[in-house]
């Protein structure tokens with residue numbers, strides 16, 4: 001733990017330092033600091049959309065790029081991300097969640113420098129490779145850290161805030177990228193990593209990681225700060241975490257993946273993320289401009305991207321409010337069902353148009369279908385898989401599960417993106433939306449039969465529920481339950 005963190009922790013060790021709601025304010029501050037990483041993730045994810053026209057123009061700082069070169073800029077983060085998934089799993093397991101987040105900052109800063117002052121396409125390729133650190137590690141590490149530091153009654157809301165910041169980043173990328181100069185826009189990628197890297201040093205390490213490494217004194221200090229100096233709550237929560245660690249400390253990595261809880265966590269996390277990847281969001285982002293244009297919309301491709309990003313952000317705000325009220329399962333169920341219906345309507349329209357049916361009277365269908373889809377997708381399919389994975393995975397195997405799932409998802413994303421031209425040319429554009437409509441329908445049954453509700457439960461309670469273990473109720477503070 002850094003010296004700055006120690007100073008903050010020492011200041012909160014006095015009994016009279018307890019804050020209202022047992023550190024709620026500090027947990028929100030910590031989440032806000034950490035979520036700046038996912039804001040950068042959103043900016044980096046949306047970087048290419050507004051930059052494509054600039055880089056293909058005669059005013060490009062590296063000369064006009066070809067479509068092939070643009071496609072390399074699009075896919076490089078995904079390819080390098082397969083390896084980075086295991087890098088972040090290793091760092092978060094060996095050195096801590098906090099240092100995994102810090103490790104994102106330097107490559108992101110360097111990528112910003114390269115983007116801003118690049119004079120060749122090779123430099124842009126290197127910049128996109130380095131941007132892969134924030135694109136791949138940003139949300140995963142943010143969700144992992146937040147899931148292990150906050151109270152159970154606000155865990156879903158604060159984890160959803162990480163997704164919310166990603167969506168803000170994508171929207172800002174579309175707005176600023178289309179309205180600022182090339183260099184002015186890329187300056188954001190220099191400044192933001194500096195800001196969040198400095199702020200992260202002032203935060204404590206995850207108490208679950210510290211207990212997993214048998215650093216109990218540091219874990220107590222971390223909990224004491226996160227719980228607003230409430231000694232009783234910090235002690236109770238540490239006493240809850242320690243027995244779980246004592247039970248797994250002698251289990252090897254290979255043996256851990258043979259347990260019921262780990263198998264369940266890996267299976268559900270993998271399926272949730274794969275269904276998210278196959279849910280149609282990539283098709284929508286790739287073809288939204290074309291669909292708006294063919295529907296007679298007056299919006300330019302740039303403005304249609306801003307509209308889609310705005311609707312996504314608005315829906316993610318609703319998800320932020322509802323996550324700890326309605327629960328994860330209901331939101332995911334509604335999201336899969338609504339996304340299936342909207343994409344089915346869009347694919348029927350595109351099919352009828354392809355076979356020559358006059359659809360002039362129904363040109364509103366694709367626009368409304370796309371709008372409704374991004375709203376339904378952002379409501380549950382977008383935020384819930386990340387929340388679920390970090391809630392149902394035991395802290396000792398969470399980095400490994402995150403690595404495996406992330407790598408599998410990135411491979412799937414690459415396959416999905418490369419399949420679009422084939423589907424469009426050989427079957428028809430409608431198939432790029434009909435298949436996701438089917439997978440979303442599958443997602444409805446996946447949610448009903450495999451997803452468990454985690455709302456309001458500590459991480460320990462969730463693992464016990466998966467294992468079928470009934471724990472004796474422990475004495476807890478009347479108002480605030482330990483958020484583990």
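Cβ coordinates come from backbone N, Cα and C, glycine included.
Annotated features in TrEMBL:
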{"type": "DOMAIN", "residues": "30-455", "note": "domain 'Major facilitator superfamily (MFS) profile'"}
{"type": "TRANSMEM", "residues": "28-50", "note": "transmembrane segment"}
{"type": "TRANSMEM", "residues": "70-92", "note": "transmembrane segment"}
{"type": "TRANSMEM", "residues": "99-119", "note": "transmembrane segment"}
{"type": "TRANSMEM", "residues": "125-146", "note": "transmembrane segment"}
{"type": "TRANSMEM", "residues": "158-176", "note": "transmembrane segment"}
{"type": "TRANSMEM", "residues": "182-203", "note": "transmembrane segment"}
{"type": "TRANSMEM", "residues": "264-285", "note": "transmembrane segment"}
{"type": "TRANSMEM", "residues": "305-323", "note": "transmembrane segment"}
{"type": "TRANSMEM", "residues": "330-352", "note": "transmembrane segment"}
{"type": "TRANSMEM", "residues": "364-388", "note": "transmembrane segment"}
{"type": "TRANSMEM", "residues": "400-423", "note": "transmembrane segment"}
{"type": "TRANSMEM", "residues": "429-452", "note": "transmembrane segment"}
Stretch of maximal Cβ-Cβ contact with the transmembrane segment (364-388) [cut-off: under 8 Å; candidates 99-119, 158-176, 400-423] = 158-176
Can at least 3 Cβ pairs under 8 A be found between the transmembrane segment (28-50) and the transmembrane segment (158-176), with each pair 6 or more apart in sequence?
-> yes
Intrachain residues whose Cβ lies under 8 Å of the transmembrane segment (125-146), provided they are six or more past its termini = 30-31, 34-35, 37-38, 40-41, 44-45, 47, 72-73, 76-78, 80-81, 84-85, 87-88, 92, 97-98, 100-101, 103-104, 107-108, 110-111, 114-115, 118, 155, 158-159, 161-163, 166, 189, 193, 206, 386-387, 389-390, 398-399, 402, 406, 410
Which stretch from 70-92, 158-176, 182-203, 330-352, 400-423 shares the most C-beta pairs under 8 Å with the transmembrane segment (429-452)?
-> 330-352
For the transmembrane segment (330-352) and the transmembrane segment (264-285), decide whether they are in contact, meaning at least 3 CB pairs lie under 8 A, counting pairs 6 or more apart in sequence.
-> yes
Between 99-119, 182-203, 400-423, who has the most Cβ pairs under 8 Å to the transmembrane segment (264-285)?
-> 400-423
Per-residue pLDDT averaged over the domain 'Major facilitator superfamily (MFS) profile' (30-455) comes to what?
-> 91
Given the transmembrane segment (182-203), its same-chain partners at Cβ distance under 8 Å and 6+ residues beyond its ends are 2, 4-5, 8, 30, 33-34, 36-37, 39-40, 43-44, 47, 50-51, 54, 59, 61, 98, 101-102, 104-106, 108-109, 111-113, 115-116, 131, 134, 172, 176
